[in-house]
Amino acid sequence: MSSIDLSTVRTFLLGLQERITHAIAEVDGQPFMTDHWQKEPGETLQGNGITKILEQGRVFERAGCGFSHVRGPRLPPSATQHRPELAGAAFEAMGVSLVFHPRNPYVPTVHMNVRMLAATPVGENCEPVCWFGGGMDLTPFYGFDEDAVHFHQVCKDSLKPFGDDKYPRFKQWCDEYFYLKHRQEQRGIGGVFFDDFQELGLAQSFAMMQSVGDSFLQAYLPIVERRKDSLFGERERDFQLYRRGRYVEFNLVWDRGTHFGLQSGGRTESILMSMPPLASWSYQRPNEAGSPEERLYKEFLVRRDWV
């Protein structure tokens, strides 16, 4: 099919999942529960995966990191909206996706995903096509410039070997993607995001995906260590739960990954592990002028050049 051996991609993804969950468990002090799953014969999707989840830890209220490798007879609409020529194509997809919801409101929520998708177009003598996607983004509840700068600098450094254009392109893509249109609001401070990517050739495109995945711990752990023991009270916890509601709204209304999983017959329990354990909504919640909560909206939930 290509110069990419799918077993090589799978081995990398499984190793990445293991490295990340080991490091997070070390910080938290509680191990991840591991759930090996297999799609049942006769289901639309076939394949398997490993869901690792940590709940009610010391640092993380919920931290989920999932690997999946599935095959299906027909790409769902969410995967073909930018590639209409692949409508009806059989496909194979694998990836690692994580969302970590910290307990302390001063520690930001984080999301990271790296994935590969291969599809065989309908028709005679059609060559299979393969592409990569991925990225990471940070969603603070209380904004700190040094955290945002650090996160974006690591993202930029991970992409530098693949061209100076990649970080600004993928940062803009991230800002545009993680936007709640119905709220006219950014989800967080962004990061980098790319999809349907093969322009460097398959080997280098895979290498770029690897670099992004490998840089995750360097981007996130220093922020966790800096904020996890900060003192907080009921006010900060209440605001954290309110802002988590926005995370839920984005994932269920706008996220292509969630839609892809649900439309293709994916494993619902694993797809929805990105949901926070608790969230809240209140009607037209005001923010006190000059407060840290107002500062989040004015200075952090806006598109900015952090590096």
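Even glycines carry a Cβ here, placed using N, Cα and C.
What Swiss-Prot says about this one:
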- His111: active site, proton donor (ACT_SITE)
- Ser97, Asn113, Val114, Arg115, Gly265, Gly266, Arg267: substrate binding site (BINDING)
- His101, His111, His152, His182: divalent metal cation binding site (BINDING)
- 247-282: region 'Important for dimerization' (REGION)
- His182: site 'Important for dimerization' (SITE)
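Same-chain residues at least 6 positions away in sequence with a Cβ under 8 Å from that of His101 (divalent metal cation binding site) are, in sequence order, Phe60, Glu61, Arg62, Ala63, Thr109, Arg244, Pro276, Pro277.
With Ser97, Asn113, Val114, Arg115, Gly265, Gly266, Arg267 listed as the residues that bind substrate, the site has a largest C-alpha separation of 20 Å. Between the CA atoms of His182 (divalent metal cation binding site) and the residue listed as 'active site, proton donor' there is a gap of 21 Å, rounded to the nearest whole number. Secondary structure counts, DSSP: the region 'Important for dimerization' (247-282) has 22 helix, 0 strand, 14 coil. The Cβ neighbour count for His152 (divalent metal cation binding site), using a 10 Å radius over every protein chain in view, is 23.
Counting only the Cα atoms, the space from Gly265 (substrate binding site) to His152 (divalent metal cation binding site) is about 34 angstrom.
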